[in-house]
Structure formats: C-alpha cells, structure tokens
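Trainee: Here's a structure for you.
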Amino acid sequence: MLPRWMYSTNHKDIGTMYLIFGAWSGMLGLSMSMLIRMELGQPGTLIGNDQIYNVIVTAHAFIMIFFMVMPIMIGGFGNWLVPIMLGAPDMAFPRMNNMSFWLLPPSLFLLINSSLIESGAGTGWTVYPPLSSNLSHYGPSVDLAIFSLHLAGASSILGAINFITTIVNMRSIGMTMERMPLFVWSVLITAILLLLSLPVLAGAITMLLTDRNFNTSFFDPSGGGDPILYQHLFWFFGHPEVYILILPGFGMISQIICYNTGKKEPFGNLGMIYAMAAIGLLGFIVWAHHMFTVGMDVDTRAYFTSATMIIAVPTGIKIFSWLATLHGSHIKFNTSILWALGFVFLFTVGGLTGIMLANSSIDIVLHDTYYVVAHFHYVLSMGAVFGIMGAIIHWFPMFLGLNLNSMLTKVQFMITFIGVNLTFFPQHFLGLAGMPRRYSDYPDFFTKWNFISSLGSLISLMGVIMLIIIIWTSIIEKKMINFSSFTNSSIEWMLNFPPSEHSFNQNNIILK
C-alpha cells in the first residue's frame, strides 16, 4: 500500500494526495484564521503579543495560498481532470509529477518550524525588508520561511512545466486548442503565469537571504541598496499569483455552469478563452498598484491606475458570459450550481471593491486598512474557496463513485454563505473608518463590526466542519452510484465512477 502512494506515477493517485494535503493544510490555515478572529473579537489582548499575532497572520496567508488553494486547484483538480479531459493516458512527466507533490510536505514542515523557532517570522506574507532584515528579525525564522517558499516554488514550477507539456502535446486526435474544455485552458494559462512569475520571487527572496546572512546590501540603504526594489520584485510575482489562485476557479465554475445548464460549452467559448489569456497577460503589468504609497511619481501612478482598471474588462466578459450561459436555460439546481452562482455574485462584489482600490488617490487613504483585507478575501475566500467547494461537490461522485447527501450539502452551502459574508462585509466599514491591518488590538470605536466579523467566522467554521462530516458519512456509508444520470457535458462523465486506474487504453478521437 505504501509504495503505491509514495512512489505513485498515476495522475489520479497524485491528485488525490494533493487534495488530502490541501484539505489538511486548509484546516491548519482555518484554525489560524480563527485565532486571528478571536483575538480581534473584542478590544484588549487575547494572545498577548503583537509579534506572535503577526506570526499567525503570516503563516495563515502562506498556508492558505501555497498549501491549500494551489495544491487543491492546480495539484488536485488539475492532476485529476486535465489528463482525462484531454483524453490523455496520464501527465507528460509522471515521476516529476510525484516529485512536485513530495516537495510540498517538507515545505510546510519548514514553514511551521519557522514559527516555532525563536520568535517566529512576523513579517506579513509580503516579507518586506527592513522588517524582515536580520536587524528586526534576527534568528533563523525568516530564513526557514524563505526556504519553505523556495521548495513550494520549485514544486509549482515543476508542476507548471508538466501541465504545459501535457496540454500542448497530449491532446486526443481531433481535439484542437479551441475545443479544449475551459478548465484545461485555465490550468494552461495558470501554468504559464507560474512559470514566468515564480523565478522572480525566488530571486527576490534569495537576495533577502543573502542580505540577512552574507552581508550583501540589495535592500539595505546603508550599503547602497533599496528596499523598494524588493517590493517591485515581490509584487511582480505577487500580482500574477492572485490570478494564479483565481484562474483555475474560473475554469471550474465554467464547467459547473455548463454541466448544470445542460450545455457542452458556455456562451462565447472563444471569448472566454481570450478573456482568461488577457487577464493572465495584464496581470503582469499592474504590480505597482500594491505600492501606491511608496512615493512613485504621478505619471507612474496614473499608468498603474488605468492598467489595473483595464483588467476589469476581460473579467466582466467572463461574468456576463456566465450569466448569458445561465440565461434562459433549464438550470438543474443541485448544490454545485449554488456554489457557482455564489461565486459569480461575490466575485463581482470583490471585483468592484478592487476597482475602488485601483484609484491611486483613494488607495493612499485605504492602503493597509481592512478595506483591502475585505477586498481580497471577497475575491479569495468567496472566489477561490467557493470554486473549490463547488468543484468538490461537483466531481466527488466521479472521483470516488459515491453520492453526497444533496440536502445536507445545500444546508452547508447556506451556512458557509452566511458565515463568509458576515465575516468580511463588515470589514469594508472598518477599513473606511480607518482601522489598519496587522494590529492585534484596536480602539473600542471599532468593537461592533469586529465582533460581528468574528461571529461570522464561527459560522464559517461550522460550515467547514459540516462539509467534513458530509464527506465522511458518504464514505463510511458507501453511498454507491447505482445508475449514472450524469450529463455528458465533458469527457470525464463518460468514464466509470470512479475511473479505472488507467482511464483510456487507446488513443481517443474527439468528434464534435
């Protein structure tokens, strides 16, 4: 049994390991966010130390991004679905696929260790110098976090190479690029973004490592360096990264909406592909909107403001194409479409607050307040996570050959929906009132909305626990699929449930 999983080269086994690893990390990240919300639930201290609070915030961000969203979306669903949707026997480099996965547990181990050694890495996920320099953060904590990022980055780069090669070279006969399912397209564009942005992060954190340990001064003004250089390098990675987190979600939502409306492709399929490509391209030329407060001149700010707003155009194309796909069709209201509808609505809300923050003059006031926290949590906690939840419920019968209790999953959707909105909507008010991020305490003027926000986080926690219970009961009761009534909107629904160890034993020909 151990060799089957340890040395596996089967894309389904590796995808399953990614999903389990992501779920485990997600619980870790969720418990950290609960600590954060309990600390902020009332004025005064609970944890009692700002450094530890910031260590928790930093670890929460890294775990949710690198060990929950990316492994589940790209590693889990990408590995499971891309070869099947292409009609390919497996990934292009199966053993490299195995290595991509096994780089992640040591990486997580290093990150957790960084919190346990000395006073931890309380730098925020951006790891800006001079706070992350050896003066403000002496000891090996930040170095361990840097090594952790190196490993996670290497894992993602290898995975990206694997996906690009697979998608370009291993499609079925008759499947042109244009005929590929949108989820495959989203993974391809995500992989290209990973391949182009992660080396820049690796360079930036390596320079930080040498600044801390080998007496260089890339980011130290006293030696002729500049901390703003680090910010440029970091955000040149950091902005494409947020699109890496959401693009596979776009693909999954497209598949879910098509399936539940009984269509084989969404409205404006080619437009959807071009929109994703445009989002990927534009994601690289807007990075400095994270840095409006560092003293860039007015022309630079004008450019980054307008470029950022242009990203709203392809995003709007996607939103309206989803609405057009839904419009007038006979919608099958199972739980996965509820997650998809929630995604479309809440992602739009998150996008609108993003348009607000794109204005450099407004951003100077709102920068580093809870308005920004509310914005990116609407996009991630209700974009990426809703995509993941919808995908789990949508493809669960295909992965395991078991049914989920449809009524309970609908209740779980409602609980989570109420929870996340109650958590993050009040944070817009806090941000507009001027409450800054990354502080463990606040004036009692902010008590009301913080209390409501923390209440919402408890409801979200109940929703996640309920999801675990639903999946657990489905597995122990072995609710087998006796009769397949799935819509053949995509190839994966034409296989067995679950698929055999080798999905296809011959080359396929796709006829449209």
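Backbone N, Cα and C atoms are what each Cβ position is placed from, and that goes for glycine too.
Found this in Swiss-Prot, in case it helps:
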type	residues	note
TRANSMEM	16-36	transmembrane segment
BINDING	Glu39, Gly44	Ca(2+) binding site
TRANSMEM	55-75	transmembrane segment
BINDING	His60, His377	Fe(II)-heme a binding site
TRANSMEM	101-121	transmembrane segment
TRANSMEM	144-164	transmembrane segment
TRANSMEM	182-202	transmembrane segment
TRANSMEM	233-253	transmembrane segment
BINDING	Tyr243	O2 binding site
TRANSMEM	267-287	transmembrane segment
TRANSMEM	304-324	transmembrane segment
TRANSMEM	337-357	transmembrane segment
TRANSMEM	382-402	transmembrane segment
TRANSMEM	413-433	transmembrane segment
TRANSMEM	456-476	transmembrane segment
Trainee: Tell me which of the binding-site residues His60, Tyr243, His377 ends up closest to Gly44 (Ca(2+) binding site) in space, Cα to Cα.
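Mentor: Comparing Cα positions, the closest of these binding-site residues turns out to be His60.
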Trainee: In whole Å, how far does the CA atom of His377 (Fe(II)-heme a binding site) lie from that of Glu39 (Ca(2+) binding site)?
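Mentor: Just about 18 Å between their Cα atoms.
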Trainee: Same chain only, sequence gap of 6 or more: which residues have a CB within under 8 Å of the CB of His60 (Fe(II)-heme a binding site)?
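Mentor: Non-local contacts for His60 (Fe(II)-heme a binding site): Gly29, Met32, Ser33, Ile36.
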Trainee: Compare 101-121, 144-164, 267-287, 304-324, 413-433 by their Cβ pairs under 8 Å to the transmembrane segment (233-253) and return the stretch that comes out on top.
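Mentor: Going through each listed stretch, the top one turns out to be 267-287.
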Trainee: Under 8 angstroms, Cβ to Cβ: which one of 16-36, 267-287, 337-357, 413-433 has the largest number of such pairs with the transmembrane segment (101-121)?
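Mentor: The stretch with the most close Cβ contacts to the transmembrane segment (101-121) is 16-36.
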Trainee: Other than its close neighbours in sequence, what residues sit by the transmembrane segment (413-433), given a CB gap under 8 Å and a spacing of at least six beyond its ends?
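Mentor: Distant Cβ neighbours of the transmembrane segment (413-433) are 37, 335, 338-339, 342, 346, 353, 366, 369-374, 377-378, 381-382, 385, 389, 445-446, 449-450, 452-464, 466-467.
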Trainee: Distance between Glu39 (Ca(2+) binding site) and Tyr243 (O2 binding site) at the Cα atoms, whole Å?
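Mentor: Tyr243 (O2 binding site) has its Cα 30 Å from the Cα of Glu39 (Ca(2+) binding site).
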Trainee: Under 8 Å Cβ to Cβ from Tyr243 (O2 binding site), same chain, six or more residues apart: give me those in sequence order, or none if nothing qualifies.
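Mentor: Long-range Cβ contacts: Thr190, Leu193, Ile279, Gly280, Gly283.
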Trainee: Quick one: what's DSSP say for Gly44 (Ca(2+) binding site), helix, strand or coil?
Mentor: coil
Trainee: Among 267-287, 304-324, 382-402, which stretch has the most Cβ pairs under 8 Å to the transmembrane segment (55-75)?
Mentor: 382-402
Trainee: Determine which residues of the chain contact the transmembrane segment (456-476) at the Cβ level, with the cut-off under 8 Å and only residues 6 or more beyond its ends counted.
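Mentor: Here the qualifying positions are 26-27, 30, 33-34, 37, 389, 392, 396, 400, 402-405, 408-409, 411-412, 415-416, 418-424, 426.
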Trainee: Please report the number of other Cβ atoms within 10 Å of the Cβ of His377 (Fe(II)-heme a binding site).
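Mentor: His377 (Fe(II)-heme a binding site) is surrounded by 19 other Cβ atoms within 10 Å.
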Trainee: Given the binding-site residues Glu39, Gly44, which one's Cβ is surrounded by the fewest other Cβ atoms within 10 Å?
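Mentor: It is Gly44 that, of the binding-site residues Glu39, Gly44, has the fewest other Cβ atoms within 10 Å.
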Trainee: Which listed stretch (16-36, 304-324, 382-402) has the most C-beta pairs under 8 A with the transmembrane segment (337-357)?
Mentor: 382-402
